[in-house]
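Remarks on the structure that follows.
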Amino acid sequence: MNPDGGPASKRRLPAASVASPHQLFEDTSAGALGRGYAAQQPPAAGSFLAEPVSSFAVAYGTTLASQGKEIVDRNIDRFIPVTKLKYYFAVDTVYVGRKLGLLLFPFMHQDWQVRYQQDTPVAPRFDINAPDLYIPVMAFITYILVAGLALGTQNRFSPDILGLQASSALAWLIVEVLATLLSLYLVTVNTDLTTIDLVAFSGYKYVGMIVGIVSGLLFGKTGYYLLLSWCCLSIFVFMIRTLRLKILSEAAAEGVLVRGAKNQLRMYLTMAIAALQPLFMYWLTFHLVR
């Protein structure tokens, strides 16, 4: 009863606040379930799939790259003979020094035959007569640099002129090699000369061109003409003695001079190739010395 003596009014509690008389502990499952669900929600579909997809992409990319590398390795020799190029750059310091001496002083050299091992020519570092690309490539680059120096001493240097000098030298080299290949085809020469061999032999003349330009810078036109003439004679003798074993292979194999019109054409072709070297040497250097 209330203090006023009236009937006691019962205060009703919310249904959620009333506990069952048989319940020993407070039921907190609803709140705990809500809080746990909020804290332990499963990851979103995107984040769940992100790691497997990225791993698959990396694996697929690696496989694709390896397959592409294998395809390139199998087919690159069709366009760029990498294996053959490695042979032409197999040189050492001793070979380079001896080869430069042979290019400048070929008159006393006796044995011009290229040595073979199991039908394969030995590497240039083991045979001074073997053609290489290291000396022609380095000589070409050095020639461009020396030409730039010569133009600079005459106050005529400009990037355009130097680029024209380089492109002109390269163009004449390509024309020379193509003309030689065409001549060999027309004369029907059975030779083991390759295109890379012709590039190497045609590139040796840049050594004499460098000597001529440097002598012109140091001693004027007199030194230029003297040393360039020597280098022209040296490269002529070098080319004659080298190419005669390649172009006149049949006569060289028999050890005698094979007579006939066909062999005479081969002789003329050998001399023409050798005679072109001094002409190109003078054409590409005379304007650089004043």
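Glycine residues also receive a Cβ, built from the backbone N, Cα and C atoms like all the rest.
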May I ask you to indicate which of 1-20, 21-40 is given in TrEMBL as region 'Disordered'?
1-20
Tell me if the transmembrane segment (224-244) touches the transmembrane segment (133-152). I count contact as 3 or more CB pairs below 8 A, with pairs 6 or more residues apart.
no
Can you work out which residues elsewhere in the same chain, 6+ from the ends of the transmembrane segment (164-186), have a Cβ less than 8 Å from its Cβ atoms?
140, 143-144, 147-148, 151, 193, 195, 198-199, 202-203, 247, 269, 272-273, 276, 280, 283-284
Chain residues in Cβ proximity to the transmembrane segment (224-244) (below 8 Å; excluding those fewer than six residues from its ends, i.e. six or more beyond):
102-107, 109, 112, 129, 193, 201, 204-205, 207-209, 211-213, 215-216, 252, 270-271, 273-275, 277-278, 281-282, 285, 289
